[in-house]
Structures are given as structure tokens and as C-alpha cells.
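These notes concern the structure reproduced below.
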Ligand SMILES: O=C(O)C1=C[C@@H](OP(=O)(O)O)[C@@H](O)[C@H](O)C1
Ligand SMILES: C=C(OP(=O)(O)O)C(=O)O
């Protein structure tokens with residue numbers, strides 16, 4: 001797909017549903033008694049993989065488009081699937097479902113696409129095994145396919161070496177079924193949707209500092225969920241509105257959970273003109289964000305803020321190319337184990353466009369201010385990389401071609417249409 005310069009963005013864009021919350025709504029709804037009505041569900045390929053996995057385990061799920069009805073089977077109502085469960089491209093599906101499956105009374109094999117089969121699963125296999133789970137990597141490489149023989153589990157207190165909501169959630173979900181209390185302490189707080197939502201479904205879960213604590217549950221109960229817009233999807237238009245000259249856009253319905261709002265804080269620290277309007281609660285806090293073209297300056301991004309903007313770092317790195325001075329991103333080694341190695345892929349592609357950017361062991365240094373030119377960009381079939389470069393191309397001289405651009409269907413199927421509408 002080919003992209004070129006944009007002279008300004010104007011108008012409004014309504015952000016599609018949050019991917020993390022959409023996955024969890026289907027999972028927790030499937031384990032609850034009664035019907036969970038989900039509105040604002042993200043119809044991205046990852047969330048459809050989650051629906052398909054639970055349907056294969058006997059849960060009746062009606063996908064009506066924006067609304068999804070999950071007719072839950074109760075905490076102990078999943079059935080052994082007849083086929084292998086295919087998690088597609090979704091790390092969230094693979095890791096969270098593993099926590100649930102470790103405690104069922106059947107065996108199952110989980111797999112996914114070529115990218116999923118390279119992503120690290122030891123990070124969940126180790127703590128789940130400590131809880132008594134029987135979970136193995138079929139090829140012995142610590143990656144999917146995973147063979148899980150459901151077992152009786154017991155609670156643990158796990159000190160996670162990484163701030164990862166997927167690791168934390170896998171353990172908490174296993175903890176729903178375990179004997180005794182389960183605790184997860186992480187080095188800094190990752191997104192807390194599992195804790196907030198499981199509580200709404202009736203589980204006894206609480207947070208103390210960076211420790212999440214769950215008690216075993218007898219039942220979960222259906223709960224209607226209004227999914228807020230995904231701040232990680234909004235991030236592309238936040239950046240675009242700030243860096244594309246002559247822009248003024250209203251980004252509607254963005255979730256602003258404090259464990260996810262690092263992008264907003266970084267844009268402000270760089271001198272971005274952002275105004276949060278109509279701040280409200282639809283389960284989680286939500287706002288409309290007014291963005292205007294701004295002169296940005298470089299910043300230092302490291303420490304506890306990293307998990308709150310982990311998926312936004314590719315876009316932030318590209319945005320920093322248009323800021324005055326240096327932007328230093330540290331403590332972000334997790335980027336290497338996403339859908340692609342997002343440090344290497346960002347440095348490779350930004351450099352191809354003429355940017356002055358250095359790869360470091362746990363991040364990047366971006367020397368802003370160099371004019372960019374069009375190039376052929378390999379998305380490595382990573383949706384965040386494709387969207388980042390569709391925006392970056394809007395500021396580059398000449399044409400940019402993005403290979404594998406259709407992979408945006410993972411998290412934002414209408415992304416290119418929305419960009420086109422704002423550009424007119
Ligand atoms: O729990 C979640 O929904 C997610 C957690 C993050 O992954 P990690 O837990 O691996 O950091 C994030 O990158 C991913 O897009 C979604
Ligand atoms: C890392 C991501 O997702 P997942 O881990 O669910 O594949 C992402 O959406 O950027």
C-alpha cells in the first residue's frame with residue numbers, strides 16, 4: 001500500500017474498542033453465569049481469535065457487530081475442544097487462556113501464527129507450573145504450540161521479573177481455580193483491566209501497590225460491559241495531530257485508565273497541545289481529546305511509565321523524529337518480544353526514511369529534526385509498525401510503500417479509512 005504527504009488533519013474520529021478489554025470481556029463472560037452483553041467490542045482479528053477459542057470450548061457467543069452476547073457456561077462449564085485452539089496473532093489470547101486452561105479437567109493444545117510461535121511463553125509456563133500446572137512447549141523451544149493438561153492448582157506468590165499484564169492475568173485467572181490465595185508482584189504496575197473487570201464479575205481481587213491478590217472463586221456472574229475506545233489506537237491520531245502541520249482533530253471515546261495513559265503524558269512533556277474534554281466513566285475512565293499541531297521537543301522516557309505506553313512506543317519513536325533535540329527511550333526491552341522486534345524494526349525503517357536514530361540494548365535514541373523521505377517499509381506483519389509508518393509517511397518527502405499494510409486488521413480494521421477521512 002502506498003502513502004504520501006498529508007497537508008493537515010481535520011474533523012473527528014471515534015476510536016474503536018479497546019483490544020485488552022474486548023478480549024477480557026469475552027473470556028470472563030464465558031466463565032460467568034448468565035449473559036454478558038458487550039457493546040463497543042473491537043472487531044479486530046485478535047479479539048475474533050478469542051471468540052473462536054471459547055466457541056470451540058462450548059460457549060455460545062453471538063457476534064452482532066458492535067454488540068457481542070456471551071452466554072456464559074459458569075466457572076466450570078468449559079468443554080474439551082475437538083480441535084487445537086488457534087490464537088492467531090494474539091499474545092493476549094495465548095497467555096490469558098493458558099491460565100484458564102491450566103485449571104480445567106481436560107487436555108488441550110494451543111497454537112497460533114508464525115509470529116505467535118516465536119513469542120516467549122516460558123514467562124507464563126514457569127509461574128503456572130509453580131501453581132501445579134502441566135504445561136509444555138510442544139517443540140521444546142519455550143514457545144507455542146503449548147500442550148496443557150488441566151490439573152488442580154494451588155496459589156503462589158509470584159515475583160514477576162517483567163511488568164506484563166499478560167503474565168499477571170494468566171496467573172490471576174489460574175488463581176480463580178486454585179486452592180488458597182494467589183499473589184503477583186510486578187516490578188512496576190502494568191495495565192490493570194483484569195483486576196478491575198474480574199471484580200465486576202464478582203471475584204475477590206484486590207491490589208496493594210504493585211501486587212495483585214486474588215482468592216479462589218465459586219462462581220463469576222455476567223456483567224454488561226461498555227468497551228471504551230483503545231488509547232493504543234488513539235495514539236496514532238494523537239501523534240498525527242501533533243506533528244502534521246495545520247491539524248486540529250477531536251479524538252472521541254479514548255480510554256484514559258491511568259495504567260494506560262503514558263502516551264498522553266509523553267505528548268504533554270514534549271510540548272504537545274492536547275486537551276481532555278468530556279471526561280466521563282463508562283466502566284473505565286474515557287475522554288475526548290482535542291489535538292492541535294504543536295512544536296515538539298525531545299524527552300526522556302524510562303522507568304514506571306514504560307508499561308503504561310508499551311504499545312505506543314513505535315509511534316512515539318517516529319513522532320520524536322519531528323521534535324527538536326533528542327528523545328531517549330530506555331527500560332523498553334519488552335519491545336523486542338512483541339509481534340516483531342519493535343526496536344530493531346523501528347530503527348531499520350526510520351533509518352530507511354533518513355532519520356537519525358540509534359538502537360540501544362533496551363530502547364532507542366532519536367535525534368530529532370532531520371527531514372524524512374519516502375521509502376519501502378517492511379511492517380514485518382506487525383500492525384503497530386504499519387500504522388506508525390502510515391502516519392510517518394504523511395510528513396516525508398515523496399512516496400512511502402508499506403509492505404504487509406493489511407495487518408492493521410489485528411487491532412484497527414478501519415485505520416486507513418479513518419486516516420483518509422481526517423485528511424480531507
Ligand atoms: O494484557 C494485555 O491486554 C496486553 C498487555 C501488553 O503485553 P505484555 O503483558 O506482554 O506487556 C500489551 O503489549 C498487549 O498489547 C496487550
Ligand atoms: C503486543 C500486542 O498484542 P499481543 O501481545 O496481544 O499480541 C499489541 O497489540 O501491540
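Note: Cβ is positioned from N, Cα and C throughout, glycine not excepted.
Automatic, uncurated: that is what TrEMBL annotation is.
Record note: TrEMBL gives 19, 20, 24, 164, 166, 338 as 3-phosphoshikimate-binding, and the candidate from 134, 300, 311 in that site is 311. Every protein chain considered, the tally of other Cβ atoms within 10 Å of the Cβ of residue 119 (phosphoenolpyruvate binding site) stands at 20.
Listed in sequence order, the binding-site residues among 24, 119, 342, 384 whose CB lies under 6 angstroms from an atom of ligand 1 come out as none at all. Candidates 20, 166, 311, 338 (recorded positions) were compared with residue 119 (phosphoenolpyruvate binding site); those inside 10 Å Cα-Cα are 338.
Around residue 342 (phosphoenolpyruvate binding site), the same-chain residues six or more apart in sequence whose CB sits under 8 Å from its CB are 313, 314, 335, 336, 382, 384, 385, listed in sequence order. Comparing local CB density within 10 A for the binding-site residues 20, 164, 166, the maximum falls on 20. Proximity to ligand 2 at the level of Cβ atoms, with a cut-off under 6 angstroms, picks out 311, 384 from the recorded positions 24, 119, 311, 384. Across the residues annotated as binding phosphoenolpyruvate (19, 91, 119, 166, 342, 384), the two Cα atoms farthest apart lie 19 Å from each other.
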